[in-house]
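Asker: So that we are looking at the same thing, I have put the structure below in structure tokens.
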């Protein structure tokens, strides 16, 4: 499977059986810069803390950098 990986947001080959993920959360700059984003791959969908959103998928390049709606 190919997944996008941060910080470069490049498509890389991950190990067989892995899933791609998109993890987003707010930090001190959330209101002006938007949510922080972490893209990668893992053996299983990562468990996250409260306040962190995670989306996992299992097709090539299914985790592109999320687009931000501009006001």
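If you go along the chain as it appears here, the first residue is 1 and each next one adds 1.
A Cβ is built for glycine as well, from the same backbone N, Cα and C atoms used for every other residue.
So Swiss-Prot lists these for the protein:
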- 3-20: disulfide bond (DISULFID)
- 14-41: disulfide bond (DISULFID)
- 26-30: disulfide bond (DISULFID)
- 45-56: disulfide bond (DISULFID)
- 57-62: disulfide bond (DISULFID)
Asker: With residue 41 (disulfide bond) as the reference Cα, tell me which of the disulfide-bonded residues 3, 20, 30 is the closest one.
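Answerer: Given the candidates 3, 20, 30, the nearest one is 20.
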Asker: I'd like to know which of the disulfide-bonded residues 3, 20, 26, 56 sit within 10 A of residue 14 (disulfide bond) at the Cα level.
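Answerer: Hits: 3, 20.
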Asker: Would you mind sorting out which of 20, 26, 30, 45 (the disulfide-bonded residues) have a C-alpha within 10 A of the one on residue 57 (disulfide bond)?
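Answerer: Among 20, 26, 30, 45, the ones whose Cα sits within 10 Å of that of residue 57 (disulfide bond) are 20, 45.
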Asker: Residue 26 (disulfide bond) has how many other Cβ neighbours within 10 Å of its own Cβ?
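Answerer: Counting Cβ neighbours of residue 26 (disulfide bond) within 10 Å gives 14.
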Asker: Please give me the CB contact count at 10 A for residue 41 (disulfide bond), counting all chains in the structure.
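Answerer: Result for residue 41 (disulfide bond): 20 neighbouring Cβ atoms inside 10 Å.
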Asker: For residue 56 (disulfide bond), what residues in its own chain, 6 or more apart in sequence, show a Cβ-Cβ distance under 8 Å?
Answerer: 19, 20, 21, 45, 46
Asker: Using a 10 Å radius around each Cβ and counting other Cβ atoms from all shown chains, which of the disulfide-bonded residues 20, 45, 57, 62 yields the largest count?
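Answerer: The most densely surrounded of these disulfide-bonded residues is 20.
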Asker: Whole-number Å only: compute the distance from the Cα of residue 3 (disulfide bond) to the Cα of residue 62 (disulfide bond).
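Answerer: For residue 3 (disulfide bond) versus residue 62 (disulfide bond), the Cα atoms are 7 Å apart.
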Asker: Within its own chain, what residues at least 6 apart in sequence put their Cβ under 8 Å from the Cβ of residue 30 (disulfide bond), listed in sequence order?
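Answerer: Non-local contacts for residue 30 (disulfide bond): 36.
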